[in-house]
Amino acid sequence: MSKQEEISKYGAKNIQFLEGLEAVRKRPGMYIGSIGFRGLHHLIWEIVDNSVDEAMAGFATNIEVKLHPNNEIEVIDNGRGMPVDIHPTTKKSAVETILTVLYAGGKFDSTNYKVSGGLHGVGVSVVNALSDSFEVWVKRGGKFYYQKYINGGHPVKPLEVIGEVNKDETGTRIKFHPDYQIMDKVAFDFGTIIDHAKQIAYLNKGLSISCEDITKNTIRNFCFEGGIIDYVSELNRGKKVIIPDIIYAEGTFRDKTPNAQDVIVNVAIQYNETYTSNIVSYANNIQTGEGGTHEQGFYDALTRIYNKYAEDNKLFKNNNEKISREDTKDGLVAIISIKHTDPIFEGQTKGKLENKDARIATNKIISEQLERYMAENPSHAKAIIEKCLLTQRSRLAANAAREASRKKEGSEFGNLPGKLADCSSKNAEVRELFIVEGNSAGGSAKMGRDRATQAILPLRGKIINAEKQDFTSVMSNKEVSSMIHALGTGITDEFNINKLKYHKIVIMTDADVDGAHIATLLLTFFYRYMRPLIEYGFVYIAQPPLYKISTAKVTEYAYNDAQKEEILSKLEDSKNISIQRYKGLGEMDPEQLWETTMNPATRKYCKFKSMTLLAAIQSFQHWWVKKLNLVMTSFKKC
């Protein structure tokens, strides 16, 4: 069957629907997770995912994402174009059916989409429901179609033909503006769009994705012929690798059970000399941050092949020695990407994959190709095994230290660590922990705080660089030990968010480069050992003022040079203007520290979130202070 015949076979009869759109505007969080920053950007990806599905089906090669000056988003692809014929049930065009009926889409019909990132017919209708303006253009069958919707998915008029195109010219173009009567009035962030688009390009080898910020006349183009091999290379940029090769495994597996479907597996692996891991997994281009069966299969393969190789080549010192899953992680950078016809996810956020055959497929395909690689490259194989055994020794030593520390711990709010001055409230939701640079500022913060809800933990020494030190060294650091004890959650695999004692963790450092560096070191530790604190939005960065500007009548604070000049221009007629530049938090008395940096009514904070894993990893590996300073340009009152 020719490609043109396949295109013509995809029509209205392939569009199935399960229920209406009524609930979306009333309960948007059920469909996009939130109405804030994350949910707003999720609207883009629901549209883009449709275009990616066209690419995975073999019909699209190019996707464009455009950010317009009025905060409109436009997504264009060169896929087949939405079906335009009349749907047999709705008696409306297939375009209108897709855009106005929840759970309507071609993704239910496996003859048209072998693989997709979930039920994306849901997504495009939800975007329409949450937009005050939504336009669609379709090129299909030699004609150019257009339809507009307003106020949450109400069509202005039926789909109409507005022109003609070449018969081989196909595709879909969508332009929407969020309905800010429902969504939080937050602007789209071009950096976030770029980061996510780049991930999609890595996962779809050869797919071209461009992102354009029309206001700033900025365009970024992504196309990776190496796919996830290029992804691993990017994540290891600037690091010394254990072996020069990126081990790549790919294949297709089908279980022998009735009605089994193909599972396509792509995995890329490389070790570096650090003590942390970056394992990122995806199912049908959806990042599975909580792992799942494909990650289990990945570790099954690594531990089995590593142990077999070590035993066969007598690399173990005794018969009781075994490499565990935890021992394989230090320095491991891996991308795991599977494509499944019928992915089963845990929960609406699709954070965890549950298909049993994904575990079998990943294990089998990685095992075969990893075993062959190690047999053909014995020096590289030995280096990997030695890295795992070094990790094992560190892990056992750390476990012993952790057990000794555990015996010292008392009740949940008792036996306070270090110089922690705790607050009186026992309600974690209102409790705030200020991690303060220096004893002097820590003393002022203790005197100026709200003792009911604000706890102070001064940093007495330099925080360790968790990116460059092994587990044992990090755990031996007194400042780290104090933070772990104070927060109460544990770390890494033992981390329990339900035991968190403070729902605001505020990093309060000097407003200079040194302060930014200390903040970065703290963020690096949280990211590597207590990552959910960042992912769930519990970590904030305080923004203390740089200047105090006073006259006989008024006192104002400036947080940067531009703000200082703005204040001075307003006071130009005043006499005896006093300008004090704060070199550090310790120069403020308790009242000033409260007024400028700790008072919930006036303080300025940055809520630090890792919007995408790749962006977060890169921000901790490269350009440390520069990256953090960029993050700290957008502040949010708490």
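Cβ coordinates come from backbone N, Cα and C, glycine included.
Within the same chain, the residues at least 6 positions away from Asp510 (Mg(2+) 1 binding site) whose Cβ sits under 8 Å from its Cβ are Glu437, Gly438, Ala441, Ile518, Pro544, Lys583, Gly584, Leu585, listed in sequence order. Annotation source Swiss-Prot lists Mg(2+) 1 binding site at Glu437, Asp510.
Asp510 (Mg(2+) 1 binding site) falls outside any helix or strand according to DSSP and counts as coil. The Mg(2+) 2 binding site annotation in Swiss-Prot covers Asp510, Asp512, and the record cites sequence analysis as its basis.
Taken from Swiss-Prot, the feature domain 'Toprim' covers 431-545, and the record attributes it to sequence analysis.
Marked as site 'Interaction with DNA' by Swiss-Prot on the basis of sequence analysis: Lys462 (among others). When secondary structure is read from DSSP and collapsed to three states, Lys462 (site 'Interaction with DNA') falls in the coil class. Of all Cβ atoms in the protein chains displayed, 11 besides its own lie within 10 Å of the Cβ of Lys462 (site 'Interaction with DNA').
What Swiss-Prot lists as site 'Interaction with DNA' is Asn465 (among others), and the listing cites sequence analysis. Counting every protein chain shown, the number of other Cβ atoms lying within 10 Å of the Cβ of Asn465 (site 'Interaction with DNA') is 15.
Ranking the binding-site residues Glu437, Asp512 by the number of CB atoms within 10 A of their own CB puts Glu437 at the top. Using DSSP to sort the residues of the domain 'Toprim' (431-545) gives these counts of helix, strand and coil: 53 helix, 21 strand, 41 coil.
Annotated pair Asp512 (Mg(2+) 2 binding site) and Asn465 (site 'Interaction with DNA'), C-alpha to C-alpha distance, rounded: 19 Å. A mean pLDDT of 88 is what the model gives for the domain 'Toprim' (431-545).
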